[in-house]
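Quick look at what Swiss-Prot lists:
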type	residues	note
COMPBIAS	176-191	compositional bias 'Polar residues'
CROSSLNK	K112	ubiquitin cross-link
CROSSLNK	K249	SUMO2 cross-link
MOD_RES	S2	N-acetylserine
MOD_RES	S41	phosphoserine
MOD_RES	S143	phosphoserine
MOD_RES	S168	phosphoserine
REGION	2-179	region 'Interaction with HIP2'
ZN_FING	51-91	zinc finger
Amino acid sequence: MSQAVQTNGTQPLSKTWELSLYELQRTPQEAITDGLEIVVSPRSLHSELMCPICLDMLKNTMTTKECLHRFCADCIITALRSGNKECPTCRKKLVSKRSLRPDPNFDALISKIYPSRDEYEAHQERVLARINKHNNQQALSHSIEEGLKIQAMNRLQRGKKQQIENGSGAEDNGDSSHCSNASTHSNQEAGPSNKRTKTSDDSGLELDNNNAAVAIDPVMDGASEIELVFRPHPTLMEKDDSAQTRYIKTSGNATVDHLSKYLAVRLALEELRSKGESNQMNLDTASEKQYTIYIATASGQFTVSICQ
């Protein structure tokens, strides 16, 4: 199949199209002339009537002049204005809106298939609203669950990091204590003794007679936090403002003696605050006061906790 094109020059230009094997073997489809009607579901044509950009039915159809792909007018104009100057389907270059042409015949075909276009769009909006509402609720619940998981992981990581820092700090203190003790007691003999004296500070170190500092692992020493509830004794405590339930959160290293002293100082501070006093002597006197802590073993029975 050839075609000659006459130009302004003296020689005509000839163009020849070579047919492929498929085009050579194919036979034209016979036209239906007996009045037979073929029923096709509109849903089966949805892919042909769909805009590749918004995935909805074509509206104000525009066709590209180069590759003949169809898009909604608003979709393709916005894509050319904000994106690359190319066809969204095949990536063929599109210079500007001049590379597009309206396709009213396709719009007429769509209106023929869907005569009630407004009703179809209203139905689509209702379906989308219902889907968005359901997805938003699911997304909210999923976001809350993920947030709780992330918070729990962060708390665990902070706890591990703090324990590692405490352990490294204890090792540093142990090294310095070892150096100072070695210089001070260099003339003393190291006797085989298993007794250990605990330092006065709360650095978590223990010293034996060999002047070797031993760092206590906070994880192995019960550094996990515990929550305690202190209630006034039903028969020994008077019904005053101090007879209130106290909630204390502390580490597992705390002893009964620590808790008793803490309760004494806390109650003294509350009493001074209520009276408007700020005397340091009263606070020192109150800090020396000890409270007896009982453990409720059964209904109406209490056991005294021994300070350790």
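Backbone N, Cα and C define each Cβ position, glycine as well.
Annotated features taken from Swiss-Prot, shown on the structure.
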{"residue": "S41", "record": "phosphoserine", "contacts (Cβ under 8 Å, 6+ apart)": "none"}
{"residue": "K112", "record": "ubiquitin cross-link", "contacts (Cβ under 8 Å, 6+ apart)": "none"}
{"residue": "S143", "record": "phosphoserine", "contacts (Cβ under 8 Å, 6+ apart)": "none"}
{"residue": "K249", "record": "SUMO2 cross-link", "contacts (Cβ under 8 Å, 6+ apart)": "E225, I226, E227, L228"}
Spatial neighbours of the zinc finger (51-91) far in sequence, C-beta under 8 Å, 6+ residues away: 97, 99-104, 106-107, 110, 114, 117, 120, 124
DSSP-derived helix, strand and coil totals, residue by residue, for the zinc finger (51-91): 10 helix, 9 strand, 22 coil
